[in-house]
Amino acid sequence: MPLLDGPRNGETVTASAHNGIPIIDGVDPSTLRGDIDQDPNRRQKIVVVGLGMVAVAFIEKLVKLDSERRKYDIVVIGEEPHIAYNRVGLSSYFEHRKIEDLYLNPKEWYGSFKDRSFDYYLNTRVTDVFPQHKTVKTSTGDIVSYDILVLATGSDAVLPTSTPGHDAKGIFVYRTISDLERLMEFAANHKGQTGVTVGGGLLGLEAAKAMTDLEDFGSVKLIDRNKWVLARQLDGDAGSLVTKKIRDLGLEVLHEKRVAKIHTDDDNNVTGILFEDGQELDCCCICFAIGIRPRDELGGSTGIQCAKRGGFVIDESLRTSVNDIYAIGECASWENQTFGIIAPGIEMADVLSFNLTNPDKEPKRFNRPDLSTKLKLLGVDVASFGDFFADRDGPKFLPGQRPSAESIGAADPNREEEPQVKALTYRDPFGGVYKKYLFTMDGKYLLGGMMIGDTKDYVKLNQMVKSQKPLEVPPSEFILGAQSGGEENADDLDDSTQICSCHNVTKGDVVESVKSGTCKTIADVKSCTKAGTGCGGCMPLVQSIFNKTMLDMGQEVSNNLCVHIPYSRADLYNVIAIRQLRTFDDVMKSAGKCPDSLGCEICKPAIASILSSLFNPHLMDKEYHELQETNDRFLANIQRNGTFSVVPRVPGGEITADKLIAIGQVAKKYNLYCKITGGQRIDMFGARKQDLLDIWTELVDAGMESGHAYAKSLRTVKSCVGTTWCRFGVGDSVGMAIRLEQRYKSIRAPHKFKGAVSGCVRECAEAQNKDFGLIATEKGFNIFVGGNGGAKPRHSELLAKDVPPEEVIPILDRYVIFYIRTADKLQRTARWLESLPGGIEYLKDVVLNDKLGIAAEMERQMQELVDSYFCEWTETVRNPKRRKYFQQFANTDETVENVEIVKEREQVRPTYWPKDGANEDFKGHQWSSLSWQPVIKADYFSDGPPAISSANIKRGDTQLAIFKVKGKYYATQQMCPHKRTFVLSDGLIGDDDNGKYWVSCPYHKRNFELNGEQAGRCQNDEAMNIATFPVEEREDGWIYMKLPPVEELDSVLGTEKWKVKKGEAVDPFEAYDKKYSGMKGKRAGAKGIEGSKPTRSPSNTIDW
């Protein structure tokens, strides 16, 4: 078995290799070899020390090249507790905090090898190597034999141990996940203070970005001993431009500073820095990113030669000074150089894997590596390629000749040499672009260069340097051509061009993976070739090559909605509109690939949205209800514990006291958590499904309507008070906001959209980050469109100026309808506007100038939608037939709590989700016995259409989901293991061409198969599965399930066992509350603090 967590305490852990070669604990290594070499048929064992990016690259390449001969078994020993992760993308960890997102391969990959040919240790260090016995010893005491040993131990971050205070609390390095987690924990406890990064190289800028992304420090400063950042890659002009761009982003950079001493307090906490020039800087945290030191400690006693500057000495075949021991990556010293970037390590892995698997062929040689880099650092595009310092240091090589000693200025220091290189430089101070290309004196050869701000020609130019071919165009065209726009294009690149330097992937590799049929999607290409899985900077080119290759093969690069619909969302909208298709079945018969397909979790909501945008049916009507996502299905947003939120509409944020009181009475009666939203209305959380009808009955009776907080439709139109109250107001923002919200409420779109109206340029309503926003002027309103907040914020753009109030509606009608007609699935207006050819100018032509001649038609369509408005909740509460949809269980009126509720700040909320889900093998569980048991009457389920209906039933303490799909029944557990949520019966059902059905969890779209040999398997997360049960309808009118005894069923799937309870998850504020406990104000405010009291009780109040 592969070891995922290393050895457990008190146990001897072994990892068996093929043919019985053991890993033995506590045995004299001299006795280990024994008769191992006497078996001529055995596979050789390669032991890899280290499990980093280079080690994994070597293993992947070796396995691929050895797939036919099967000559080798592999054991890899990793020192970190994690499987191999992407160290190049380390800074992204601060954004998602998920180590799994950095894994180079999923955990399943490590267990996918046949014949036990691959084993691995984690959290285990190799402490000794015994070359004479061909064994290594680990930190757990295990002795591991090898035939070939590959050292891929990497490097350590350098810490200035000679600097006083280097061991203080608050000193960090930037190298591993553990380093980042310690830094994150420290930063969280020192909010608002100053953090410092020391080092202005590649790693230093990454560390500075990481500290900035934490958002805990009040300020972050970058300390660099050089005159400009990236001094090893850039000249002074380029480095100074990068420094300026970084400063413009708010990061303070201090150049020509060397740390002399680190100041500390009596508890050895960092308090500041003393520089060698006598200046001082106050700070609480210092992250050193000043270089790396090769991990070569295994060299000393083993006889493996190490270089003076560190690293195992290797030759051009990657051999060390000891037979059958090789070194690759940052721990290897080639010609007294070590390399701290990934590309040379990948090249080493390529050379060694080829030579080990092709002994009969001419061996590959490791030559001077390409140290070119292309990165995005702190939002700045930076690239250097080829011999980028040839003008400063003299050329390392001149095409067609070898430079003499004189030519590189080494023969006679007193002789004034003629230059061997000419530089062509381009500067654009307005666009922040700098380019310097270095040519031979005759301009026939490109030697190298550097780029800032615009790096799209990097791959093409780097290949020109590598090819050493005479140029076909004059040097001037490199600059003139660079000024033209356009995306990265791979059409004119040779197949030998390296596209991905992180993993040494060429254009030909990508092309071949597609042409061979191995890769049919861009995700397949990334998985197969590893292109784009390092720093990710090559992805535009990889996408371009993939698209071009697919087109060359006659394959269309699809933007189809999904596998069931051969149209884009915009095309499908037009098909449905022109053919007047009014149901899902009509759409599938007219526009689907298979007329009787069930669709899937992608096309069903998209088609439902289009039907609503065109015809506005009630979502709970029989033919539409099954198409809806869970939110639309129950007209409310589902929350973490399976309850829902209730949001009445508050147009423009204006509400009467009576309606506020009604909301308060409802919230108190049903014990709902209340919160004011960013859209100026009140959200009530924690409503049980079975209470939604009663809650909305009371709200409707109080004169309120659905706020559509659950829908991909208009949410709110926010407003400031404008001229209604404000002394600075220029226009009536409240009046306009209410009119707009009342006009566009309930209208479905490809995604949610929001509006705002500000009464003057002070912009209190934040209209310029909304899908549409208005700002009052003396002449009317300026209309802005295409903005949003969210994960990728975007300021809106000005569509029209000084529009009179009566002319606002036609403009917005056209804008919204054009968006509904042409946007892609789940595309916000910001991304839609960016994708329009010509952007805002094109939109102006369509909306304002009627370029397409459809303005009147779009206004008419909007008016029809506005006239068709009805409140969905008002209609629902008046229809008693819909009550059955709002039961928790279909077979009983009982109710259960799915997540433990806690009280906080005088309100209730569900306890936090734990980090891990329920990863037990429910699918493979062996029940002691199964018997047929009646569970629910068959008439609960629809005979169709629609072709699908479902129910959640309760058996003992266990919740079970039953699905009726095209007349057949399927049954599973109700709990989705991912977050232990009891919701599967509310999930959308999908199918494929092979008749395979799946249910998609409403929360995070884990898809579980319902039928076939793999029933219960999760299609998109192999770490989890669900239990399935036989189920059938019988002549007595009941549905029967084949179930184990109730007690046994509850012991495996019971709600009480799996519902999330308080204490399972880490309290995010535990450290904060511990640190700041007891800090209370001296006046009124918090409960329990004596404060001012009203002089008299207000009348006509409710009991809050």
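Heads up, the Cβ atoms here are built off N, Cα and C, so glycines get one too.
For the [4Fe-4S] cluster site, Swiss-Prot gives C720, C760, C764; the one candidate out of C674, C726 that the record lists there too is C726. Neighbour density at the Cβ, taken as the number of other Cβ atoms within 10 Å, is lowest among the binding-site residues R69, H1004 for R69.
Across the fold, the C-alpha of C1001 ([2Fe-2S] cluster 2 binding site) and the C-alpha of C726 ([4Fe-4S] cluster binding site) stand 48 Å from each other.
Cα distances from Q44 (FAD binding site) to the binding-site residues Y174, C500, C502, C538 are smallest for C502. The Cα of C726 ([4Fe-4S] cluster binding site) lies closest to that of G170, out of the binding-site residues G154, G170, C976. A Cα-Cα distance of 9 Å separates Y146 (NAD(+) binding site) from I74 (FAD binding site).
Each residue contributes its Cα atom, and for C538 ([2Fe-2S] cluster 1 binding site) and H1004 ([2Fe-2S] cluster 2 binding site) these two points are 29 Å apart.
Per-residue pLDDT, averaged across the domain 'Rieske' (932-1040), gives 91. Residue pair I74 (FAD binding site) / G170 (NAD(+) binding site) shows a Cα separation of 40 Å. The shortest Cα-Cα distance from G170 (NAD(+) binding site) to any of the binding-site residues (K64, C764, H1004) is found for H1004.
In sequence order, G917, C1001, Y1003, H1004, R1006, D1021, M1024 are the residues of the chain that are 6 or more apart from H978 ([2Fe-2S] cluster 2 binding site) and have a CB within less than 8 Å of its CB. When other Cβ atoms within 10 Å of the Cβ of K64 (FAD binding site) are tallied across all protein chains shown, the result is 10.
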